[in-house]
2 protein chains.
Amino acid sequence: MASSQTIRVNLAERSYDILIGSGTLDVFPQFMADRNSSTHVVIITDSNVDDLYADALGDSLTEQGYEVQMMVVDAGEESKSADAAIDLWETMLAEGADRGSVVAAVGGGVVGDLAGFVAATFARGLAFVQVPTTLLAQVDSSVGGKVGINLSEAKNMVGAFWQPMGVLVDVNVLGTLPAKEFAAGMAEVVKYGVIMDLDFFEYLEQNVDGINARDPEVMQKVVERCCQLKAEVVEADEREESGRRAILNYGHTFAHAFEAATEYGQLLHGEAVSMGMVCESRLAERIGLIDAAATERQVKLLEALSLPITPPELDPEEVYRLMWHDKKVADGKINFVLPTKIGETTLTSDVKSRDVLAVLEG
Amino acid sequence: MASSQTIRVNLAERSYDILIGSGTLDVFPQFMADRNSSTHVVIITDSNVDDLYADALGDSLTEQGYEVQMMVVDAGEESKSADAAIDLWETMLAEGADRGSVVAAVGGGVVGDLAGFVAATFARGLAFVQVPTTLLAQVDSSVGGKVGINLSEAKNMVGAFWQPMGVLVDVNVLGTLPAKEFAAGMAEVVKYGVIMDLDFFEYLEQNVDGINARDPEVMQKVVERCCQLKAEVVEADEREESGRRAILNYGHTFAHAFEAATEYGQLLHGEAVSMGMVCESRLAERIGLIDAAATERQVKLLEALSLPITPPELDPEEVYRLMWHDKKVADGKINFVLPTKIGETTLTSDVKSRDVLAVLEG
C-alpha cells in the first residue's frame, strides 16, 4: 500500500475500523483474517464490479484457503429489492452458508445495503465486511451500519442497523468510476461540509480541480474527512434516536421523493441528493433560517463538480405525497434537516406544505 | 383480572415484562399505554385469531383513541414466508405506518415470528408487543426476541433478534385452542422440564389430568414456570452466542428436518418437537449419554399429553440432508443438544452420521 489511515468507529462491542488508502485491496485476505476466524466467505457484488475487483478479491481469499461463495446481482438500484434478498438467502442456504459464514459486500451503495441486509437477517445475523467501490459508498453508505432494501414506493423502508466488522476503502478504485457516478458521490461529500464542517466545505471549494481529476492524494483526504465526520455522528447516535444522526439526511427528504417519483431508474442517488440539498436550502431560506448567499455557494460548488441542481419536471403534489412515505416521517410529521449556515443545521417538523410546494414549483 | 403475575426479562435497555394471568386481555390498552406513547398501532393477526380475539383488542384500542391498522394473514405456517412479509411491509407503508408506529402480534408462533420480523425490519425497527394466543407461543416463541421467517428448505433461516417491549399472556384463551394445538404446545413445556428442571418435569407428570382439562390454575403455573425458565436462559445468552440458549433447541434439530421433509404442512411444530425429543434422547442413548429409562419417562409423559412420538415415514438420508440446512449448523458441523438425565443437557457436535441415521431408521 502506498499510504493508509485507520479510522475507528467506537460503538462498544460493535466497534470497528475503516482502513482507507491507495492499494488497500491488496491486504483484503489479511483484513479478513484479522477480524474473524471463519473460513467460509460469501462475497456479494454486482455485474459491474465482479470483473473489475470482486473476482480477484475472491481469488485472493481462495489462495489463502478460504471457501468462497461468489454471488453477483445485476448492477443498479433495482437489485436493492426484497426479491433480490430472497434470491440471495435461498442461494446462500443451497450453497452451504451457515451462521459461521462471513459476508463481504464488494460494490457500491446498492450492494452494501443489500448485502448488509442479507447479512443482518440470514441465520439471524452474520458478520460482514464492507469493501466499498464507489465514492458514495466510501464516504457514506459503507459506514454506520444502516442496511436495507427499497419498497416500490419508498427507499430504504425495510432494513436494520447492522454494523460491519470492518470497512476496507481503496481510493484507487475511484479511477474506474463513470463520471456521473463519481460526481454523484461528491454530492454526499459536499453534504458533510454543509451540515457540520465549514473548513471542509472551503477545502472542497479550493480543490475542485484536484477532485475532478480524482487526484489520489486529494481523494484520500476527502474520504478520510468524510469517514471521520460520519463516525462522529454514528458514535453519538447509532440508531438515529437522539436526532444527531438525522443531520445526515440533509437533502434526502426531497431526494428520496425525487427518486421514488422517477421510479429509481433515472437519477443516481447522489444526483437526487444534490437537487435535494438545493431545494432544502431554499426551503430554509423561505422560512428565514438561512440567507440566499449560502444556498448560492452550495449551488456553485455542486455545479463545479458537474452535479445537477434542478430536479426533472415532476408533479409537485405527487412529490409532496411521496415525502410522506419516508422513514423520516414519525407520528404524522415530516422531519426536515435544514441548514442555518454553511457548517450548521437544525431539525424541524414545523414546515408548511405551501412552502414545500413553492420550492418544488421553483 | 382474576389473578396475574409479572416476570421480568432483564436485558439492559431491552428489558421487558411478561404479564401472565386469567383475563389479562382486558388490560391490553393500558398495557400498551404504559409502554409507548405512540397512538398508531399495527395489529398483525391471523384468520383464526382475528374474530376470536384480535378484532376485539383492536376495538378496545380504538375506544381509547388509538389509530389501529388491522392486518390479517392466513392461518398456518405458510404465512411465515418472505412473500407474507413483503405484503405486510407494503400494506403498512400504504396505510401510513411510520417509524413511530407500534406493532402488536396477536396470535400463535407464526404470527409472532412474522410480525416480529416485520417490526424488526420496517423503517429499521419498530417497537412491538406480543399477545400470544397459543400455548406454544405463550411458553416459548413470544419470549426472547427470536423473530423470523422460513425459507422453502429451512425453518427460521431468515430473521433477527428483536425484543418485544412487553408480552401479554392470558391463559383463558387456551380454552379455544384445538386439541392438537394445545398438545403441541405441551411438547415445548415438557422440553423445559427435560433440559433444565427435574422438579417441573415431575410437576407435569403429577398434573397430567389438570393439564389435559386445561385447568386455568394449573395452566397459569405451567406458563409461569416456562416463562421464568426461558427468561433465565435468554438473560444468560440473548443472541445464542455462549451456548446456553442453544439448550432450548433440544428436539429441534430433528424436528426442523421433519417439518422441512413434510413441507411444513403435515406436522404442527410441537408435534415435530415431541418426535424430535424422543429421537434426540435415543441418539443420546446410542452414544452413551443417557439411560433408556430417561427416554421412556419422556415417552410416557408425551403420550399422556396426546403427543405423537414416532415420525411419519420419511427417507432417513433425506431427513439427515435437511439437518444440514439448519441454523444450528456452524462451521460445517451440526450442533446437537442432548440430554444426560431429566433436567440436564450437554452440547455436542461429535455425533456420527451412522448414529443419526440409525435413530431415524428406528
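Yeah, the Cβs are placed from backbone N, Cα and C, and that goes for glycine too.
Within the same chain, the residues at least 6 positions away from A:GLY109 (NAD(+) binding site) whose Cβ sits under 8 Å from its Cβ are A:PRO132, A:THR134, A:LEU136, A:ALA137, A:ASP140, A:SER141, A:SER142, A:HIS269, listed in sequence order. Following the DSSP three-state reduction, the secondary structure of A:GLY109 (NAD(+) binding site) is helix. According to TrEMBL, the feature NAD(+) binding site maps to A:GLY109, A:VAL110, A:VAL111, A:GLY112, A:ASP113, A:THR133, A:THR134, A:LYS146, A:LYS155.
A:HIS252 (Zn(2+) binding site) falls within a helical segment according to DSSP. Listed in sequence order, A:VAL273, A:GLY276, A:LYS328, A:VAL337 are the same-chain residues six or more apart from A:HIS252 (Zn(2+) binding site) with CB atoms under 8 A from its CB. Summarising the annotation, TrEMBL assigns Zn(2+) binding site to A:GLU188, A:HIS252, A:HIS269.
Across the range of the domain '3-dehydroquinate synthase N-terminal' (A:71-183), the DSSP-based residue counts are 47 helix, 35 strand, 31 coil. Residues or ranges marked as domain '3-dehydroquinate synthase N-terminal' by TrEMBL: A:71-183.
When the domain '3-dehydroquinate synthase C-terminal' (A:185-329) is classified with DSSP, helix, strand and coil residues number 101 helix, 1 strand, 43 coil. Here TrEMBL flags A:185-329 as domain '3-dehydroquinate synthase C-terminal'.
Here the CA atom of A:GLU188 (Zn(2+) binding site) lies 17 Å from the CA atom of A:LYS155 (NAD(+) binding site). Between the CA atoms of A:ASP113 (NAD(+) binding site) and A:GLU188 (Zn(2+) binding site) there is a gap of 16 Å, rounded to the nearest whole number. Sequence-distant neighbours of A:GLU188 (Zn(2+) binding site) (same chain, 6+ apart, CB under 8 A from its CB) are A:LEU135, A:LEU136, A:VAL139, A:ASP140, A:CYS226, A:GLY270, A:VAL273. Neighbours of the Zn(2+) site: apart from A:GLU188, A:HIS252, A:HIS269, residues of the same chain with C-beta atoms within 8 angstroms of the site's C-beta centroid are A:LEU136, A:ASP140, A:ALA187, A:LYS191, A:GLY251, A:ALA255, A:GLY270, A:ALA272, A:VAL273, A:GLY276.
For A:VAL111 (NAD(+) binding site), the same-chain residues that are 6 or more apart in sequence and have a Cβ closer than 8 Å to its Cβ are A:ILE44, A:THR45, A:ASP46, A:VAL49, A:VAL73, A:SER79, A:ALA105, A:ALA137.
When the binding-site residues A:LYS155, A:HIS269 are compared by the number of other CB atoms within 10 angstroms of each CB, A:LYS155 has the fewest.
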